[in-house]
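Undergrad: Below, the features straight out of TrEMBL:
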- B:85-107: transmembrane segment (TRANSMEM)
- B:113-135: transmembrane segment (TRANSMEM)
- B:156-176: transmembrane segment (TRANSMEM)
- B:182-203: transmembrane segment (TRANSMEM)
- B:210-233: transmembrane segment (TRANSMEM)
- B:239-257: transmembrane segment (TRANSMEM)
Amino acid sequence: MMRMVSAAETAPTTYPWAVQAEGLRVRAGRHLAVDGLDLALGVGVHGLLGPNGAGKTTLMRALATVVKPAGGRLTLLGESVDGRADLRRVRRGLGYLPQQFGFYPRFTVREFVEYMAWLKEMPKTMVPGAVQRAIDRVGLTAKAGARMKTLSGGMLRRAGIAQAIVNDPEVLLLDEPTVGLDPEQRLDFRELLRDIGVDSCVLVSTHLVEDVVAACTDVVLVNEGRLVHQGTPDSLIAEGGAGDAGDSPAERGYSALLRRHRAEAGK
Amino acid sequence: MTTHPNLAVIARYADGGPGLDEATVWSVEVHLETCADCRARLAGSTTGDTRTLLDRVAADLDRGIAAGPAPVRPHRPWSAVRRRWLVWALLPWLTMTVVVLGCAVLLESVRPGLPSLVLLLAPVAPLPGVAVAWSRRQDPAWELIAGTPAAGLTMLLRRTVAVLAVVVPALVLAGAGTGLSLALVLLPCLAFTAATIALGALVGVRRAAVGLVAVWVLAVVLPSLVTAGLPVVLRPGSAGVWALATVALAGFIGARADSFRRLSSHS
């Protein structure tokens with residue numbers, strides 16, 4: 001579907017990376033879940049991999065400007081967002097799907113996405129069109145008038161993706177977006193990711209290595225709050241040997257990298 | 001605007017365009033879109049066939065419109081959608097506040113010897129509502145909202161106003177029913193609301209509300225019930241001090257507006 005492109009969108013950027021973190025530290029409660037992470041992400045689809053408790057969700061929250069970093073530097077879209085910066089401008093260019101997102105059960109899907117578009121301070125005249133487009137893109141057109149409490153898990157997830165992409169974000173953060181999607185919907189979702197990743201920076205956190213290999217241009221592997229590996233899916237595959245655990249080349253690469261990182265940390 | 005085509009060209013265009021090349025037809029059409037005079041000329045040159053065709057189309061359209069679904073009602077105003085969650089989340093708390101105030105009025109009429117309970121409770125009356133209005137436990141979509149540009153002091157103030165819109169009239173009624181000075185009922189109430197938000201900038205709104213209620217009850221309400229006398233802070237001369245405190249706290253809130261950009265872990 002078509003939409004108008006404003007002059008501001010086609011203007012060249014003045015920053016090298018959409019997301020840049022240097023020595024980033026973020027607390028989850030008392031625990032330092034992200035500890036000295038260096039990361040630079042440009043345009044494209046980046047898959048964030050890591051075991052449970054690696055700090056993926058905490059990192060996502062910090063990038064979404066929901067929690068304040070405890071230390072280090074974090075720059076989003078060329079603007080510093082650590083400390084007491086004014087986050088409004090950056091937030092207008094963000095899309096965020098939390099791992100567990102709450103919603104107002106009485107809202108319909110359309111009201112929910114409209115409400116989020118309003119919170120993202122989109123111009124009033126653009127909201128109805130953008131909402132319809134977002135709902136169409138995630139395949140919820142037939143359910144647009146249904147109340148949120150009547151949706152299944154996969155549909156809720158897609159409604160969450162719709163609110164994340166409604167403002168055509170320059171940085172899109174999706175925390176576990178494929179949970180509850182059936183195989184066909186996952187294929188559609190990968191298509192959507194590739195589509196959005198053409199001109200924005202998309203970071204997708206997931207447990208599913210095959211999702212990353214299939215849909216991402218870049219793999220980011222974190223463990224215990226630190227960056228373990230960043231490169232193309234092929235570089236992840238190249239790390240794996242025949243003796244490593246896993247059923248696919250990418251999974252073998254994943255487990256090889258993690259094993260090596262743990263061995264280094266244990267020294 | 002393009003040059004006006006001559007009448008002969010328009011007449012031939014109206015006749016279905018015999019002898020006109022495609023480029024001429026296009027330029028005529030582009031011109032017609034912007035020129036009302038030439039459209040009128042075109043209407044004058046239409047043939048009988050075209051007019052019957054137009055009449056038939058118009059009749060068909062009218063029939064289709066009459067048979068089709070009724071136009072969708074225009075959207076309810078944003079505020080109605082927006083406040084729906086808040087209304088439901090606040091309802092029990094505000095009901096409780098109003099009931100407690102009602103009990104205070106009753107008790108005052110039954111036991112006139114005690115210091116005015118309405119006066120003692122007025123400062124903390126809006127605090128439970130304010131705490132609920134800005135709490136991640138009560139707002140299911142807090143993580144989504146916390147990452148949007150609209151999140152911040154403005155949103156907190158809007159929700160606080162919603163609370164005050166119920167509590168202040170209730171206090172005015174209670175005050176009028178017991179013949180108290182309105183300034184002494186309302187000014188401490190506003191000062192405590194401002195103090196909650198100001199303290200909330202430092203420790204989180206919910207903690208601030210709980211702390212202020214506890215301090216007020218322990219330091220003022222209980223001693224004055226024990227001694228059966230009105231405390232110094234609520235004697236008629238203190239209204240000016242309360243007004244001054246409200247203004248000072250409001251100034252502090254304005255200076256710390258950026259503290260409300262994130263829903264920190266303690267809100």
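Note that the numbers count up from 1, one per residue, in the order the chain is shown.
Just so you know, glycine gets a Cβ as well, placed from its N, Cα and C.
Since the structure is predicted, the reported quantities are computational estimates derived from the model, not experimental observations.
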Undergrad: Which listed range (B:85-107, B:113-135, B:156-176, B:210-233, B:239-257) shows the maximal number of Cβ pairs under 8 Å with respect to the transmembrane segment (B:182-203)?
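TA: It is B:239-257 that shares the most Cβ pairs under 8 Å with the transmembrane segment (B:182-203).
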Undergrad: Is the transmembrane segment (B:113-135) packed against any residues at least 6 beyond its ends, judged by a Cβ distance under 8 Å, and which are they?
TA: 86, 89-90, 93-94, 96-97, 100-101, 104-105, 107, 156, 159-160, 162-164, 166-168, 170-171, 174-175, 178, 180, 184-186, 188-189, 191-193, 196-197, 200, 205-206, 208-210, 212-213, 216-217, 220-221, 224-225, 228-231, 234, 267
Undergrad: So what's near the transmembrane segment (B:210-233) in sequence-distant terms, Cβ-Cβ under 8 Å and 6+ beyond its ends?
TA: 113-116, 119-121, 123-124, 127-128, 131, 188, 192, 195-196, 199, 203, 241
